[in-house]
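Listed in TrEMBL:
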type     : residues : note
TRANSMEM : 43-66    : transmembrane segment
TRANSMEM : 87-109   : transmembrane segment
TRANSMEM : 115-136  : transmembrane segment
TRANSMEM : 145-164  : transmembrane segment
TRANSMEM : 170-190  : transmembrane segment
TRANSMEM : 210-226  : transmembrane segment
TRANSMEM : 293-318  : transmembrane segment
TRANSMEM : 330-350  : transmembrane segment
TRANSMEM : 357-377  : transmembrane segment
TRANSMEM : 383-405  : transmembrane segment
TRANSMEM : 417-434  : transmembrane segment
TRANSMEM : 440-465  : transmembrane segment
Amino acid sequence: MTKKSITRNFIFNTILTMSSFIFPLISFPYVSRVLMADGLGRVTFASSIIDYALTFAMLGMPLYGVKVCAGYIKNKEKLSQTVRELLVINLLVGFLVMLLLATMVIIIPRFRQEWQLIIITSSTIPLNIIGIEWLYKALEDYSYISIRTLTFKILGFLLMFLVVRTKDDYMVYAAITVLASHGSFILNFFRSRTFLLENISQRLNLKQHIKPLLILFFLSVSWTIYKNTDVVMMGFLTSDTEIGYYSTALKIRSIVLSVVTSLGTVVLPRLVKYYKEGKYNEAKKILNKSSSFIMLSSLYFIGYIVINAREIILFIAGRNYLGAIPTLQVSIFSAIFVGYSIMYGTNILVSIGKENVTIQASIIGVVLNICLNFIMIPKFAALGAGIATSIGEAVMVLYEIIYLGKDGWSYFERLNILKIIVVFIFSTFMLYIMKDFFVGYPLFIYIVISGVIYSIIYIFGLMILRENLLSSWKISILNRFNIIKE
């Protein structure tokens with residue numbers, strides 16, 4: 001793939017990432033005020049249940065599909081056969097999961113209470129299956145992914161303001177959320193006919209995929225359990241209002257995570273290719289840049305959000321959600337650990353065939369998270385769940401780094417990391433002092449001005465200290481906008 005295509009993929013993915021920041025920023029203040037914490041908590045609970053079901057239905061396909069298809073990019077016949085085989089497996093498993101989900105809704109009282117929401121949100125399962133998103137990521141077709149996703153996000157954004165009008169519209173909100181996030185997968189299915197119909201008479205060999213799929217399935221299960229354990233446990237151990245507080249903090253954190261993990265999303269297929277071809281030095285260059293990007297982007301958001309958590313909550317969700325402030329301040333620290341977890345667990349270990357290590361790390365994180373949630377949620381509710389999540393993420397990353405030994409630590413360029421930390425401390429301190437000069441200013445004006453000033457201090461600080469990634473980007477931009485060099 002050419003340098004031009006790499007640059008284009010990064011630009012499109014950046015645009016898509018920014019949309020994940022802008023649309024929730026605009027729509028969530030409206031939705032949170034209309035639905036209130038109770039309605040938002042009900043939708044969040046149902047969505048968490050479906051996340052589990054979706055993980056079983058996809059059977060590790062999102063990761064395995066990218067990995068195996070990336071290896072057949074130059075062989076269209078083999079690629080087409082592989083796509084058909086994976087789709088057939090996915091359809092069979094998805095059907096069984098939908099039957100199991102229907103049974104659980106009937107026999108579990110808590111699920112039965114939200115049966116309508118569960119039916120609505122469960123539509124994400126067939127949409128994800130026919131969407132075969134893993135194929136387009138393996139093809140690195142980020143221009144199509146971004147344009148398609150943005151179109152449906154805009155549609156969902158408009159519908160949200162048009163039809164979600166009262167606190168009783170939480171089911172309508174759930175349906176619009178599904179449409180905005182997964183509706184575009186219908187287009188994927190029709191667009192993929194070229195691959196699905198290529199040499200369709202060939203006999204399918206489903207058996208060859210079962211073992212590697214099961215390995216990545218266990219990995220996906222552990223990730224999903226980890227991601228949703230806190231919300232599901234809160235559904236049984238605390239109130240819907242506390243879930244609403246927690247989901248508000250998670251909503252803001254998810255915006256940050258979309259930025260922190262954006263580079264890793266783009267380079268995954270390339271790393272699979274480099275490791276397969278034995279180009280380890282090329283892979284290391286990409287991973288060093290990813291490490292620096294995770295550190296500087298996560299610390300940037302951590303500093304701003306910890307200092308301005310109250311203002312952000314007031315602006316995005318309103319006074320009814322002030323209880324989410326401490327949860328946001330604690331849970332935002334997990335951004336740095338999630339970023340490195342993606343880098344080590346997926347970009348490195350999965351790419352080199354060491355999925356079992358990532359699974360081990362995830363299991364440790366899940367067990368620790370469940371234990372901490374049982375202890376902390378009854379005492380601290382949403383805040384306790386936030387603390388448990390941050391600790392669990394940190395332990396998972398540490399386990400993966402320890403396994404890789406010297407290679408694991410080699411992706412941390414110590415002097416460069418020190419530069420980022422120094423700038424982070426200085427910028428955060430200046431932001432803290434800055435607050436006194438904006439007392440009495442309108443909330444929106446303060447958030448914008450403080451954000452601009454904080455960003456200028458942060459970026460110029462990195463430039464003055466000649467931080468590696470920013471310096472390489474500066475050179476690349478001057479050299480015909482080549483953001484990532486091969």
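Glycine is no exception: its Cβ is also placed from the backbone N, Cα and C atoms.
Worth saying up front: this structure is predicted, and the values here are computed from it rather than measured.
Counting only same-chain residues 6+ beyond the ends of the transmembrane segment (383-405), those with a CB under 8 A from a CB of the stretch are 226, 230-231, 233-234, 246, 249, 326-328, 330-331, 333-334, 337-338, 340-341, 344-345, 348-349, 354, 357-358, 360-362, 364-366, 368-369, 372-373, 375-377.
Long-range Cβ contacts of the transmembrane segment (210-226) within its own chain (Cβ-Cβ under 8 Å, at least 6 residues beyond either end) map to 51-52, 54-56, 58-64, 67-68, 89, 350, 355-356, 358-359, 362-363, 365-366, 369, 392, 396.
Most Cβ pairs under 8 A with the transmembrane segment (115-136) among the ranges 43-66, 87-109, 170-190 are made by 170-190.
With a threshold of 8 Å between CB atoms, the same-chain residues lying at least 6 positions outside the transmembrane segment (170-190) that come near it are 31, 35, 39-40, 42-43, 46-47, 116-117, 120-121, 123-124, 127-128, 130-133, 135-136, 148-149, 151-153, 155-157, 159-160, 163-164. Contacts between the transmembrane segment (330-350) and the transmembrane segment (293-318): present, as 3 or more C-beta pairs lie under 8 angstroms, all at sequence separation of six or more.
Proximity of distant same-chain residues to the transmembrane segment (87-109), defined by a Cβ-Cβ separation under 8 Å and at least 6 residues beyond the stretch ends, is recorded for 53, 56-59, 61, 115, 118-119, 122, 125-126, 129-130, 132, 196, 204, 206, 209-210, 213.
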